[in-house]
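The (6S)-5,6,7,8-tetrahydrofolate binding site feature in Swiss-Prot is assigned to Leu121, Gly125, His126, Leu127, Glu245, Ser354, Pro355, Phe356; the stated evidence is sequence analysis. Sequence annotations record features per position, and here Swiss-Prot assigns site 'Plays an important role in substrate specificity' to His228. Taken from Swiss-Prot, the feature N6-(pyridoxal phosphate)lysine applies to Lys229.
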Amino acid sequence: MLKRDMNIADYDADLFAAIQEETVRQEEHIELIASENYTSPRVMEAQGSQLTNKYAEGYPGKRYYGGCEFVDKVETLAINRACELFGAEYANVQPHSGSQANNAVYMALLNAGDTVLGMSLAHGGHLTHGSPVNFSGKLYNIIPYGIDEAGQIDYEEMEALAIEHKPKMIIGGFSAYSQICDWARMREIADKVGAYFFVDMAHVAGLIAAGVYPNPVPHAHVVTTTTHKTLAGPRGGLILSNEGEDLYKKLNSAVFPGGQGGPLMHVIAGKAVAFKEALEPEFKEYQVRVVANAKAMVAEFLARGYNIVSGSTENHLFLVDLIDKDITGKEADAALGSANITVNKNSVPNDPRSPFVTSGIRVGSPSITRRGFSEEDAKNLAGWMCDILDNMGDESVIEATKAKVLEICKRLPVYA
């Protein structure tokens, strides 16, 4: 018989120790990976609920199993809140991840071999936008577009490529681009060649929900996102659209039964909580601070003589180009990690090094802002990072910086 006082600590000491170690790491490290965030205890409560036991293939009111009347309520709450949050008529909250949401869009709108215009991974795109190692690059004819010498999306190139190649779908969105996307211009280009316009807003969904970054939903045929990152919910995916019932039916079928079986009802409950949190005024205030902190960090890096791809940031992330410093992204990642500052190595435009080494790092502000960093804190943090990068291999600098990191982490805990 199952008892509610069963716990991991008493039963599986090895697993419990690993979980505790990760808990300590999160509290004692500064998290700057742009795709990570801290979700609320309310979201974690939902994910640890008995909803995890329920199979619910299908959609609310149209399930293949009985006993779904209450999980129908949960999913309907998530759907309605997602639509309200982003101004959408349709939402599918079942994708297990952003990549699976993207896969569903491909399946719904395209046939294998169709031509797709997507942002080059080397210029800030995502694996699912056409990388040859991903399903998108293996199954479809991908034409990449990129950024110009000023670090802005080259819309003239995009339009010329669209006219030349006549893609069936054009993808907007990114994983490492720090500027504002002109969704209206992209839709104009798509309409000019009769293509679907699909936006993956995973990185900026929280900013969009708060109104501090342009919303693609009014412009795109279909929009996807993750529900973590800037949105700060559970790890999962979401599909949105305003383009009519025919498209909604295709998207639903592409998710289930096309790509997934039963939805993760405990995660959908977590999404419902996160969407409610994102509708609160405090969430907008948080997102405003996210952008302000990223800008404060960029200003300090520039003042210290570092190159920033695109020269600035208008969202939550930026890329530090280390080519002229003769430091690899891999080396910078490791050095900063030694001081309890977590970033990720990242390719920069025209990077001469492999994706496993790279010549840059990607820096994001959602997590530090979530734990209460001010603009002054963010500026100081960028300075500490420059200290380490200016003195690669100097253990005294690393140790001094680590002490500062531990002090601010103690002052600003993730979970107070």
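Placement of Cβ uses the backbone N, Cα and C atoms for every residue, glycine included.
Overlay of Swiss-Prot annotations on the structure.
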{"residue": "Leu121", "record": "(6S)-5,6,7,8-tetrahydrofolate binding site", "Cβ contacts under 8 Å, 6 or more apart": "Leu127, His129, Gly130, Ser131, Pro144, Ser175, Ser347"}
{"residue": "Gly125", "record": "(6S)-5,6,7,8-tetrahydrofolate binding site", "Cβ contacts under 8 Å, 6 or more apart": "Gly118, Met119, Ser131, Pro144, Ile171, Gly173, Phe174, Ser175"}
{"residue": "His126", "record": "(6S)-5,6,7,8-tetrahydrofolate binding site", "Cβ contacts under 8 Å, 6 or more apart": "Met119, Gly173, Phe174, Ser175, Asp200, Ala202"}
{"residue": "His228", "record": "site 'Plays an important role in substrate specificity'", "Cβ contacts under 8 Å, 6 or more apart": "Ser35, Glu36, Asn37, Thr39, Pro234, Arg235, Gly236"}
{"residue": "Lys229", "record": "N6-(pyridoxal phosphate)lysine", "Cβ contacts under 8 Å, 6 or more apart": "Ala34, Ser35, Glu36, Asn37, Ala202, His203, Ala205, Gly206, Pro366"}
{"residue": "Glu245", "record": "(6S)-5,6,7,8-tetrahydrofolate binding site", "Cβ contacts under 8 Å, 6 or more apart": "none"}
{"residue": "Ser354", "record": "(6S)-5,6,7,8-tetrahydrofolate binding site", "Cβ contacts under 8 Å, 6 or more apart": "none"}
{"residue": "Pro355", "record": "(6S)-5,6,7,8-tetrahydrofolate binding site", "Cβ contacts under 8 Å, 6 or more apart": "Ser347"}
{"residue": "Phe356", "record": "(6S)-5,6,7,8-tetrahydrofolate binding site", "Cβ contacts under 8 Å, 6 or more apart": "Lys330"}
Collapsed DSSP category at Ser354 ((6S)-5,6,7,8-tetrahydrofolate binding site): coil
Greatest inter-residue Cα distance in Å for the (6S)-5,6,7,8-tetrahydrofolate-binding set Leu121, Gly125, His126, Leu127, Glu245, Ser354, Pro355, Phe356: 44
Cβ atoms near Leu127 ((6S)-5,6,7,8-tetrahydrofolate binding site) (within 10 Å, other residues, all chains): 16
Three-state secondary structure, His228 (site 'Plays an important role in substrate specificity') (per DSSP): coil
